[in-house]
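Below: the structure, in structure tokens.
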Amino acid sequence: MASHIAGYPRMGPKRELKFALESFWDGKSSAEDLEKVATDLRSSIWKQMSEAGIKYIPSNTFSYYDQVLDTTAMLGAVPERYSWTGGEIGLSTYFSMARGNASVPAMEMTKWFDTNYHFIVPELGPSTKFTYASHKAVSEYKEAKALGIDTVPVLVGPVSYLLLSKPAKGVEKSFSLLSLLGSILPIYKEVVAELKAAGASWIQFDEPTLVKDLAAHELAAFSSAYAELESAFAGLNVLIETYFADIPAESYKTLTSLSGVTAYGFDLIRGAKTLDLIRSSFPSGKYLFAGVVDGRNIWADDLAASLSTLQSLEAVAGKDKLVVSTSCSLMHTAVDLVNETKLDDEIKSWLAFAAQKVVEVNALAKALAGQKDEAYFAANAAAQASRRSSPRVTNEEVQKAAAALKGSDHRRATTVSARLDAQQKKLNLPVLPTTTIGSFPQTVELRRVRREYKAKKISEEEYISAIKEEISKVVKIQEELDIDVLVHGEPERNDMVEYFGEQLSGFAFTANGWVQSYGSRCVKPPIIYGDVSRPNPMTVFWSKTAQSMTARPMKGMLTGPVTILNWSFVRNDQPRFETCYQIALAIKKEVEDLEAAGIQVIQIDEAALREGLPLRKSEHAFYLDWAVHSFRITNCGVQDTTQIHTHMCYSNFNDIIHSIIDMDADVITIENSRSDEKLLSVFREGVKYGAGIGPGVYDIHSPRIPSTEEIADRVNKMLAVLDTNILWVNPDCGLKTRKYTEVKPALTNMVSATKLIRTQLASAK
């Protein structure tokens, strides 16, 4: 009976690691205190899997920050700016790389494939010195062994590590990162030798880049790397784990012929086509780790369906070589359903978090071995049936409305330049209009008001009056700063997705369904379980209230359908785009109600549009088509004089700029300050953009206050490639996480810089 878990959440069922890390960073607790929390978490996870009957239990999937950073530490690839002097890497160097310190900035962070997890990007070059500098993999293996649990140590594979790296500052962009393979393999050999000496019989290498579109020389790097490691693997079983997508046929061929490798792991949830490759040719005598339990969602597995998939694979790999596994690490799902006391029983019966998925994997392995737990399977089948037939899931009216969208592409009737003229006549804005992105600082006091209202400790009247007071304060500040287009500051909102999800039907919320985003930061995605509709207006009352406090235009503030989708756990019983269209129709009603209430500028944030981009290029066009279409649905019905803004984060946009233009928003604001040059280069290369655009002029993720000169210099750089009449001036993101002592001076300097340039432009005329 063989069962395997590819990885497990690190934060703990009640975010124990988050609180321990933050306490340590704040200097409130010692390294020993932090290590104790970590040791307790690791041992409870290992014991839980062992007691559930899992045979291949992972170790070294725990991390204080990120598994790629752990690999950087293992290889001693510390960038020079951290002044590391050698020896075993300690917490202070490790956390400096992750978070920066008083004198040097952090390493760059970027998304882990198409998940909402972020990793720390290695910075490498021809002069990087590699040395074995963190023995974490070995010490965690020994730690589990001391508890009587034999684990499978997990390492980020050498080729994926290099493919996920970037050339360090000052290194040619064209530098071949794969040329460093010969320098890192000796360290991998040392690690493998130590693990073997400690008693390990299996080692797992995660090589998820195999699912991407790889060039021939990249595939060749896998072959040469594992050929080089083959001698080190003698006497060991080696598993190569892939996940997150179908594996391309060429890569499958390369993978299944690697030297010294005994087992291959595949994601059979997001990689259903991989099944065809496995069925048509699987190397004999090798182990197949079949990832049939979804590691990226919260739905209970359809055990009967998984069992029949597994039975069909037994014929291919052989009974003793088939291992039941998760589609990927369980770190992308919530931790334990046991802690959800407020979810109603029906919805709860449809769900499985990480702890429950461990049990599912084991139940499938037992069933394959002829020890099927009939009661467990019957309860699962009943829950699947109840989900299929529940009236809470299906809303005929919504289904009809979404189906009716198919025929049109929902564009506004006139061109963006005609609309901008009509809007300018009505709004009468100065050249280079200033605005902010939406949220203002969320003070301790404000959070307390929301918490007490939720706990029914204060009345609705008291709550409304406190929020109104806060909005009035934010409006006054903006008027004093002389900002042109105002925001209400979003004091009533906890989170840009949760706030809307709580007012839409088809959504459920957890109390402890936290998932790690990066470092100690966790998010709690809503669960979309049914057809989505909007029973009542969601933001109109607050926007109207805010507009009544000022003569300047007040932006309505909405989260777009694609972002709501990409930041939720989405139902898996219909295609994602159908759910997205339903959300778009709900937001469309809200947009039209805001317009009717006299709101002339409406911002529909699509922060996460880029995040949903599939890993394989062949699937990009389809995704971008429905994602952009969903955005257009929300605002295709408004008048020309209503100005539609959108905001996007994470500007790796060069490859999707045409889709962004196709969204046909009147004004787009973009998080740009961290990758200034990247974004502007698109326009330098001659992309014609006629709508309004506001590339962020300063980075709100840092407490630094930029000077007037610095902002003016940025704006001038933008004016070199963008027309004066389309440029907006704004920070790069919402201000929710900053303090007023940072926000006021930064915005003062932003407005001063804008006025300075307006004067220069006027005198140049």
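Note that Cβ sites are derived from N, Cα and C of the backbone, with glycine treated the same way.
Record features, source TrEMBL:
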DOMAIN    3-316  domain 'Cobalamin-independent methionine synthase MetE N-terminal'
BINDING   K18, N116, R521, C522, W567  5-methyltetrahydropteroyltri-L-glutamate binding site
DOMAIN    432-755  domain 'Cobalamin-independent methionine synthase MetE C-terminal/archaeal'
BINDING   H647, C649, E671, C733  Zn(2+) 1 binding site
ACT_SITE  H701  active site, proton donor
**Prompt:** Just checking the binding-site residues R521, C522, W567, H647, C649, C733: which sit within 10 A of H701 (active site, proton donor), CA to CA?
**Reply:** C733
**Closest of H647, C649, E671, C733 to N116 (5-methyltetrahydropteroyltri-L-glutamate binding site), Cα positions, binding-site residues only** = C649
**Message:** Quiz question: given the binding-site residues C522, C649, C733, which has the greatest number of C-beta atoms lying within 10 angstroms of its own C-beta?
**Reply:** C733
**Asked** Which residues of the same chain, at least 6 positions away in sequence, have a Cβ lying under 8 Å from the Cβ of W567 (5-methyltetrahydropteroyltri-L-glutamate binding site)?
**Response** N116, V497, V523, P525, A608
**Message:** I'd like to confirm something. Which of the binding-site residues, H647, C649, E671, has a Cα closest to the Cα of R521 (5-methyltetrahydropteroyltri-L-glutamate binding site)?
**Reply:** C649
**Fill in**
C733 (Zn(2+) 1 binding site) to C522 (5-methyltetrahydropteroyltri-L-glutamate binding site), Cα to Cα, whole Å, comes out at 19
**Complete:** Listed in sequence order, the residues of the same chain lying six or more positions from H647 (Zn(2+) 1 binding site) whose CB sits under 8 Å from its CB are I437, G438, Q603, D605, E606, A607, I668, T669, I670, E671, C733
**Prompt:** In Å, how long is the longest CA to CA span across K18, N116, R521, C522, W567, which the record gives as the 5-methyltetrahydropteroyltri-L-glutamate binders?
**Reply:** 20
**Request:** Give me the Cα-Cα distance between K18 (5-methyltetrahydropteroyltri-L-glutamate binding site) and C649 (Zn(2+) 1 binding site), rounded to a whole Å.
**Result:** 24
**Item:** Among K18, R521, H701, the most crowded of the recorded positions [Cβ within 10 Å]
**Value:** K18
**Complete:** For C649 (Zn(2+) 1 binding site) and C522 (5-methyltetrahydropteroyltri-L-glutamate binding site), the CA-to-CA distance in whole Å is 18
**Message:** Among N116, E671, the binding-site residues in question, whose Cβ has the most other Cβ atoms within 10 Å in this structure?
**Reply:** E671
